[in-house]
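Here the structure comes first, spelled out in structure tokens, and everything after it is commentary.
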Amino acid sequence: MMDTAAAVLHPYWPRDLLIPTYVANDRSMSEILAFLFSVSGVFLLVTWLITGQRGSTGSLGTWRRLAVCWFAVCGFIHGVIEGWFSLYYDIIPGDQSFLSQLWKEYSKGDSRYVIADNFTVCMETVTAWLWGPFSFWAVYAFLTNRPYRFVLQLIISLGQLYGAVLYFFTEHRDGYAHSELGHPVYFWFYFVFMNALWIVIPLSLIVDAWRQLSAAQTQTDNTKSHKSKRK
């Protein structure tokens, strides 16, 4: 009876999950989400304003500005929030730092984070230390019109898409055991919606990068063909 009681002194699924070091958050869900979305909004707004300035190479179109804003927000989420998880995943259940509380709140939609599941630790570490810096690099590359900007876009988006697919697929194979299946906030918003963004948006950016790089290669091939005919 004591073991069963101890197992449910937390809000996570499955309900018999043992998290002996767990300490309940002292910050509310609204406070945590307000921080996440307000800081992300600041990154988006500042990047939007910067990309609206006309540089030496001209101004970016609306679609391109939105893509750059996406990379700026990704840099923050990957580098700061997921970076925190990659460094402190082993103490998060009992830690009351703000970002640890953010992860304890998110874990209501996927308890693999609060138990430091091996897949999530590995996946988030790669995401934090590769796609975080690469996202900020992509912002710089687009703002300065670097020739490798679409290569970066393709690499980052492929990495994000691959990670998100594995994220959903591994939980599917576990029978969605780490969340309250069907819960409107924890399952549908935290687990499904917030992670589906890293499938839908990267997929569209992959297609965009494909078109841009293909067009560039076509132009290069045509130039070479004209030069060979002149000879």
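Any Cβ shown, glycine's included, is placed from N, Cα and C.
For 32-51, 63-81, 126-143, 150-170, 185-207, the entry in TrEMBL reads transmembrane segment. Here TrEMBL flags 63-206 as domain 'EXPERA'.
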Q: Rank 32-51, 63-81, 126-143, 185-207 by Cβ pairs under 8 Å to the transmembrane segment (150-170) and hand me the top one.
A: 185-207
Q. Where DSSP helix means H, G or I and strand means E or B, what are the helix, strand and coil counts for the domain 'EXPERA' (63-206)?
A. 110 helix, 0 strand, 34 coil
